[in-house]
Amino acid sequence: MLSTVVSSGPKVMHGSRTWSSTLSVAVSHASAATHQDVSRGQVRGGRNGVQNPGKDVFCSMRRSDCRELSLLLSLGPSPELEEVRRALAAELEQWREKPKLATRLLSDLAKERLPTLAALVLDCMQASRVEVNLFHVNAAVSACAKSGQWQLALALLSKMPALRVLPDQITFETVLGTASICGQWQLSICLLCAMSQASFIPDLVTHNTAIAAFGKALKWPLALALLQEMPAAMVQPDAISVNSAMAACAAAGQWQLALSLFCSMPEVELSPDEISYGTAIAALSRGKSARCWQLALHLLSTMPQRSVKPNGIIYNAAISVCSNNGQWRLALSLLQTMSDDLVSPDMISYSTSISACEKCSEWQLALALLGHMQRRKLTADAICYSAAISACEKCGQWVQALGIVSEMTDAKISHDRISYNAAISACAKGFQWQQALCLLGGMHDVSLTPDKISCSSVVSACEPSGEWEVALEILQSMPLVGLEADQIAYNAAISACSKGQQWQLALSLHRKMPDVRVMPDEISFNAAMQACAAAQRWRDMFRLLEELLLLGLEPSLSCGALMAECEQRGLLGSEADILGGLVAPHSLEHSSDDGWQDRLAEDCTPSLAEGEHEL
């Protein structure tokens, strides 16, 4: 029945003959995984990464109607087994005659999400030879489930033979549900196999839980395999089954498969619900095809025919599809349709719409949407602000970008690196190097560490005005903070030196690029050659040109600039002709005279000023 899915699990499991031996294998795998997480410092006990889910209970020390629970809470967050045994000494004797009293305590521990204490209570009962029954174990497993402690839940399940208690369907399903929530897909496979070995038939809930676990782990082939094998197991899939499989495909970017599952629902007499539509449209948001936005709108239009009303999640998914495919007008139209359908747009609706405008450089509309959010009493988050700043950046609207940064500060919205980088880039495009430099310095004030993009953008801002000193200072400081300058930063710095008439520094930067594993491109050569031409350093200029051609780079733009410089410097016609011939990439390769550049440089080089020297 589960052959396809089981074959994807731990290989040693296949030889197991009993459910307990299968669980022993699962426990060993869980222990190994936990050990690896500890080694990497990644242990995150509990659903929300809390080591002790009951810590808040101990902090508050609230009064409890259960005397036994109060006794246990008084022991603190990490009691020892012997402490628990002493605290419950009198109760343990009563439990021999009235086991329901133990069930009540364990149920209270489950409500308080105290699985460790629940497990200790079971240990005390076993050590004191107080009979442990199925209700006791299921209550303790429930405590594990409510706090996301899948390792402890698995340990309790595997310990049941030692307690002389047989698990039931509820036990397996509770542990499986905990594993699913925590994304433990391999454990889910083991549990499915163990259930069959224990003569329990996995029901609809069990299958749906396992499919969800596979989806969380991006194991969409397993999710599909289990869905396909359900009829053979005499289990009819429901909408939840298909929706979970669709979600698994969507999360992995398999939007075609997700859409295929959606379309197959009527064939098995299943009616798509809100979750079905939302999942299918969300899957389309991950697609790269130009048809995705059309398919999303088509799905949206068919919802009334199935008496399914679009909700905010569905509209947000459709807006996202349009945004990702550059359909900003449709995204805004859907935003308006939400209000017309009495569906209140939320922050996600607006942030996605602003992002749609940003991708198409519609900065005015992005700012308008930001203002509309405020009028609707919706608090914009950093994502909304960053998208609006990026929209301004693409159009060089540095004043508006700075205004949004200031607005974020006034609204006490935590700045992120994306928003600052976009604002710095906007200033760079607006030739506002002082503002860009100010933003770079201000990042430390908001506990942000500049990255390579931040620094490169400031260097680029210095380039148009020839602020070579600032550009070089930032470039030289990058390695000191563990940042590697990229081609953009070097090109901008070379160009800044060129415009600042610092030809020696421009050449030095150009020569340094290969040493720091940054390869010069046409822009690098062009900027360096322009610096040499402006300083009448013809020999250096022609050497750069020769290197440019040898690297197979496109020389046309560079040679055009050089020819203009030659004409302005009054070169003789024959010399200009030679330079013009270099525009053809093959002219250098077929030149049989190796000394042409030296003779040309001798003819073109004016007398050097006193004290001037080559690098």
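Glycine too: its Cβ is placed from the backbone N, Cα and C atoms.
Per TrEMBL, the feature repeat 'PPR' maps to 133-167 (among others).
For the repeat 'PPR' (203-237), DSSP puts the residue distribution at 26 helix, 0 strand, 9 coil. According to TrEMBL, the repeat 'PPR' annotation covers 203-237 (among others).
Annotation source TrEMBL lists repeat 'PPR' at 238-272 (among others). Among residues of the same chain six or more beyond the repeat 'PPR' (238-272), those with a C-beta under 8 A of the stretch's C-beta atoms are 204, 207-208, 211-212, 214-216, 218-220, 223-224, 227, 230, 279-280, 282-284, 286-287, 292, 295, 299, 306, 308.
If you look at the repeat 'PPR' (311-345), the same-chain residues 6 or more away from its ends with a CB under 8 A from one of its CBs are 274, 277-278, 281-282, 284-285, 287, 290, 292-293, 296-297, 300, 303, 352-353, 355-357, 359-360, 362, 365, 369, 376, 378. Look at TrEMBL and you will find 311-345 (among others) tagged as repeat 'PPR'.
Marked as repeat 'PPR' by TrEMBL: 346-380 (among others). Remote same-chain residues near the repeat 'PPR' (346-380) are listed as 312, 315-316, 319-320, 322-323, 326-328, 331-332, 335, 338, 387-388, 390-392, 394-395, 397, 400, 404, 411, 413 (criterion: CB distance under 8 Å, separation of at least six residues from the stretch ends).
Feature annotation from TrEMBL assigns repeat 'PPR' to 381-415 (among others). Counting residues per DSSP class in helix, strand and coil order gives 26 helix, 0 strand, 9 coil for the repeat 'PPR' (381-415).
With a threshold of 8 Å between CB atoms, the same-chain residues lying at least 6 positions outside the repeat 'PPR' (416-450) that come near it are 382, 385-386, 389-390, 392-393, 396-399, 401-402, 404-405, 408-409, 457-458, 460-462, 464-465, 467, 470, 474, 481, 483. The repeat 'PPR' annotation in TrEMBL covers 416-450 (among others).
Summarising the annotation, TrEMBL assigns repeat 'PPR' to 486-520 (among others). Mean model confidence for the repeat 'PPR' (486-520) is a pLDDT of 94.
According to TrEMBL, the feature repeat 'PPR' maps to 521-555 (among others).
Tertiary neighbourhood of the repeat 'PPR' (203-237): same-chain residues 1-5, 8, 169, 172-173, 176-177, 179-180, 183-185, 188-189, 191-192, 195, 244-245, 247-249, 251-252, 254, 257, 268, 270, selected by CB-CB distance under 8 Å and a gap of 6+ residues from either end. Within its own chain, the repeat 'PPR' (486-520) is flanked in space by residues 452, 455-456, 459-460, 462-469, 471-472, 474-475, 478, 527-528, 530-532, 534-535, 537, 540, 544, 551, 615, which lie at least six positions past its ends and keep a Cβ under 8 Å from the stretch. Mapped onto DSSP helix, strand and coil, the repeat 'PPR' (486-520) counts 27 helix, 0 strand, 8 coil. Below 8 angstroms of C-beta separation, residues 347, 350-351, 354-355, 357-358, 361-363, 366-367, 369-370, 373, 422-423, 425-427, 429-430, 432, 435, 439, 443, 446, 448 of the same chain, each at least six residues beyond the ends of the repeat 'PPR' (381-415), sit close to that stretch.
With DSSP states grouped into helix (H, G, I), strand (E, B) and coil, the repeat 'PPR' (133-167) comes out at 24 helix, 0 strand, 11 coil.
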